[in-house]
Amino acid sequence: MGGCEVREFLLQFGFFLPLLTAWTGDCSHVSNQVVLLDTTTVMGELGWKTYPLNGWDAITEMDEHNRPIHTYQVCNVMEPNQNNWLRTNWISRDAAQKIYVEMKFTLRDCNSIPWVLGTCKETFNLYYIESDESHGTKFKPSQYIKIDTIAADESFTQMDLGDRILKLNTEIREVGPIERKGFYLAFQDIGACIALVSVRVFYKKCPFTVRNLAMFPDTIPRVDSSSLVEVRGSCVKSAEERDTPKLYCGADGDWLVPLGRCICSTGYEEIEGSCHACRPGFYKAFAGNTKCSKCPPHSSTYVEATSVCHCEKGYFRAEKDPPSMACTRPPSAPRNVAFNINETALILEWSPPSDTGGRKDLTYSVICKKCGLDTTQCEDCGGGLRFIPRHTGLINNSVVVLDFVSHVNYTFEIEAMNGVSELSISPKPFTAITVTTDHDAPSLIGMMRKDWASQNSLALSWQAPAFSNGAILDYEIKYYEKEHEQLTYSSTRSKAPSVIVTGLKPATTYIFHIRVRTATGYSGYSQKFEFETGDETSDMAAEQGQILVIATAAVGGFTLLVILTLFFLITGRCQWYIKAKMKSEEKRRTHLQNGHLRFPGIKTYIDPDTYEDPSLAVHEFAKEIDPSRIRIERVIGAGEFGEVCSGRLKTPGKREIPVAIKTLKGGHMDRQRRDFLREASIMGQFDHPNIIRLEGVVTKRSFPAIGVEAFCPSFLRAGFLNGIQAPHPVTAGGSLPPRIPAGRPVMIVVEYMENGSLDSFLRKHDGHFTVIQLVGMLRGIASGMKYLSDMGYVHRDLAARNILVNSNLVCKVSDFGLSRVLEDDPEAAYTTTGGKIPIRWTAPEAIAYRKFSSASDAWSYGIVMWEVMSYGERPYWEMSNQDVILSIEEGYRLPAPMGCPPSLHQLMLHCWQKERNHRPKFTDIVSFLDKLIRNPSALHTLVEDILVMPESPGDVPEYPLFVTVGDWLDSIKMGQYKSNFMAAGFTTFDLISRMSIDDIRRIGVILIGHQRRIVSSIQTLRLHMMHIQEKGFHV
């Protein structure tokens, strides 16, 4: 077959060329390919070199769009030993390291050509050579490197010519690495009948892209296909790095493994991969990929890209208010001020202002002025009055005024303030009220003097008041140690203007106040009088004087014996009278401590909230620890108030013990400090093996910087360790480094619990314990709660997360941040006024009415039992809090966890009685669990013990009698599921009583409300069946 025949073939199939051209044109626009040569786009002659001249022929035809189609063909199949070469022009490699050659060609089947079996071939060879510049017409085939032998996937025959069928082959070969500036390609024909329709040379790149708001430039992949090129991106305009953005360029030009990202800066939001400025009236306060927000009420902005909206005139934003909070204004004045006065106290009450300014942090201050008859002439009251609880920063809308003076006009100005009052230049609004104290009350006493003093006693007298307005009934004397002012005081009474006070400390200064009581009431307390008791020396001198008198009297002779005898009898009688009087006064004397009566022999538990200064409660109930005895080792977590670290505590004369140190974070508010110290004050009153033990507190002294910077960096950030330059390491001998000047941290030091919180511990060791081991854990928790209940405390946040486990698997109750002390009434409950409640663990009455009691703790204990037996599963699983509340109201209770004995689940159900008086006491729970531990075989037989527990509701309520399962479903309005139950084989009540929530889902009950109703009814059915079986009946 000659060249003319091939040319004729191509011309016959010319109508395919436009289609071919269009297809190759699409490929040339692949985004990750850079084309170096494409013969289909060359408008002029190619000018490729052929060797020999009569080998390859160039054929150029025009397609229907008048674009040239360059083709090279050769078909010297009749002659043997063909060696025809076709070489391209010099091709610049650009930035490529590896190139790809795409060839489109047709090839004639040798079997379709007669008489050429020995000379016809069906392959050709592809070669290349690298060069830094063009060789011109020089061509040395021996210098070329072979790339591959190219064979056709399809070849055409004479029949294809007749049927006008074009069989076009496409082959791609890769070449590399290319190190010089350019290269040549060469095609060797060795006796084939072939037409080279097009040649395209390209290399691959990872194209420019934007990912996660980061731009990545064009990148050339490495020659080695197994390695990736790491590319760091740059953030788009108005964006900033959150994590370093990276992509990896693969060998095929694909971007892989995106890491990091950029986020839109403040004032900008992400829209379709770029950051756009917030429109006027909108803002974005923090960098991130969230949308701009509309300005909150009473604020606006009129420019773009705003990070915070500005408050309108008269409105303000406090320093700690988030930008999303509406601007607020100071409140109006309080309303409806009223007073109530008696002999000793003046009570001021008022209503909240009509306009709170849009804030909840409302406080009040009371300013006192003394006015004469002319109310325009007033002066400050000074420090004579006492305000309970205080006169500034009041949260409640009332205050008690003490120590006021009779016959005085007092004007009280009550100011209302909130968090932005200090930002306003306008005067604080107030409401004033004038109170004239009672003219009938007696005036104050005159001067007070010390008649004599001993080591333990003081004899005092004073001037009666100038105006008593009636007979003086008695005097009330209040006294306390000067160094312990307002911490502890005692009082006594005397009918005369004198008193002998006994039971005092030697060489101690006491403060005395006296007020008068008449039929018309009390006077105010007098000014302070200071007197000091004697020391041992003065008492010895007095005793020596008495001895001298006795000796002189004895020498006087027998004649004075009768007189002396009479003298001693009279003296003895007087002393007996004085002692009797002192004893009577001692009985009447009442010792007061922070407003609580102290009775001998009865331990009283004091609510820390009754202390105006929380540090006073801490120092009374908790031991102050010298911080040099503490060594901090590492951070183990974060609590509500700050970080929690582990460390060691050195006790004098004992070995070091591991401890946990709870810290108060920097920038805390007074309320946070008070709550933080309150927890320590509560823990310090507990002493039980199942209650977390308080080792002590650090509130006074400076703290050594040992390991703090390395392990508790927030100390340094919070400014607790001002002046510390660098922490000193502990020496090899274990000695502590020199002291470093430091600030005043606040810490609570408790025993260290190696296994952490119970819920995490159980999840980590799922299935590792026997049932008796789990019951032992539950018994420890119940024992700790019994101790708290006996003391009159309500925990309010009992959950597995608040139970800590030590290395011996002893469980201890912790986290007393929500605890409240109860009054003497054993059925008393604590009512909260706000705050978050852990819905899944809290009793219904506590959720609905905020009424907490030991019975609500029993409900929470039932949830803890369920957590323990399920190895730390989340109660009520993925149900929302609202669904939990509704489900409990409808009677739903948690089913028994897998493998949970019936007796334990029945105890849970008993704890979850809706009527709180029917729930078991912790005493009964401990007793029941003790039975199980002593007799493990009773785990499946002690259900009856639960049903007869004290405070049990008694017999199970009457349950309707159903003949069929269908009747039962109809009674709970679930009759539509009869066929589901029948088809699944649940045809008897015995089978139904064993159904779980998974069984109910499996038979096709999809709606959650229907699932809850059926499960609740099954639980009631199960309890009823168990009860009648215990009574000897059968279902």
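A Cβ is built for glycine as well, from the same backbone N, Cα and C atoms used for every other residue.
Swiss-Prot gives the label N-linked glycosylation site to one of ASN396, ASN755, namely ASN396.
DSSP assigns ASN342 (N-linked glycosylation site) to coil in the three-state reduction, outside any helix or strand. Most buried of the glycosylation sites ASN342, ASN396, ASN409, judged by other Cβ atoms within 10 Å, is ASN409.
Over the topological domain 'Extracellular' (23-549) the predicted model carries a mean pLDDT of 86. Per Cα geometry, ASN409 is the residue among the recorded positions ASN396, ASN409, ASP797 nearest to ASN342 (N-linked glycosylation site). With respect to their backbone Cα atoms, ASN396 (N-linked glycosylation site) and ASN409 (N-linked glycosylation site) stand 25 Å from each other.
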